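Enquirer: This is the structure I have questions about; it appears just below.
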Amino acid sequence: MQQGSYSITIFLLVIGLVIFRRMRSMNRPINNKGRRLLLPLFFLLPGFSLYAAPIQLADWQIGIAAGIGLLLSIPLIILSGYEVREDDQIYAKKSIAFIATFLVIVLLRAYFRRHLQGLDPKSIGILFYTLAVCYIVPWRIGCYMKFRKVYVEKAKIETSIS
């Protein structure tokens, strides 16, 4: 198997897994005060070791990657939502638009990865890691804040009823 087709296969498997987990999470209640929404942030920590070695990138290149990442987080934050269902549990709202937006982001990343030229693989990895961190961190924090808002409203309703 060629290296390129192996990479594409892994890439597609990861995308499929993320979409599968997201679709499954729409059917499961969120417990533990929503702390698992922040768990992916800890999985990003090992990637910061990329910055330990000397970087061949200009600050403006990293800044552009960070800016694009922040822009990509906006639709994810807007389309992520939570609701209390009839079993009195909090669930992620079902949203096909979210899945479509996620796929567009993945396709944009794949497009830019193929068309970035003149950079070594480590520099490209750093740029895409920066991009990923800058859309995952605001998105997950935004999700947690939205969840907490629903959680607090649910708690207020429960205390006013009893």
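Just so you know, glycine gets a Cβ as well, placed from its N, Cα and C.
TrEMBL lists 6-24, 36-54, 60-82, 94-112, 124-141 with the feature transmembrane segment.
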Enquirer: Pairs 6 or more apart in sequence, C-beta under 8 angstroms, 3 or more of them: is that satisfied by the transmembrane segment (60-82) and the transmembrane segment (124-141)?
Expert: yes
Enquirer: Among 6-24, 36-54, 124-141, point out the range having the most Cβ pairs under 8 angstroms from the transmembrane segment (94-112).
Expert: 6-24
Enquirer: Using a Cβ cut-off under 8 Å, which residues of the same chain at least 6 positions beyond either end of the transmembrane segment (36-54) come close to it?
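Expert: Residues 30, 122, 125-126, 129, 132-133, 136-137, 140-141, 143-144, 147.
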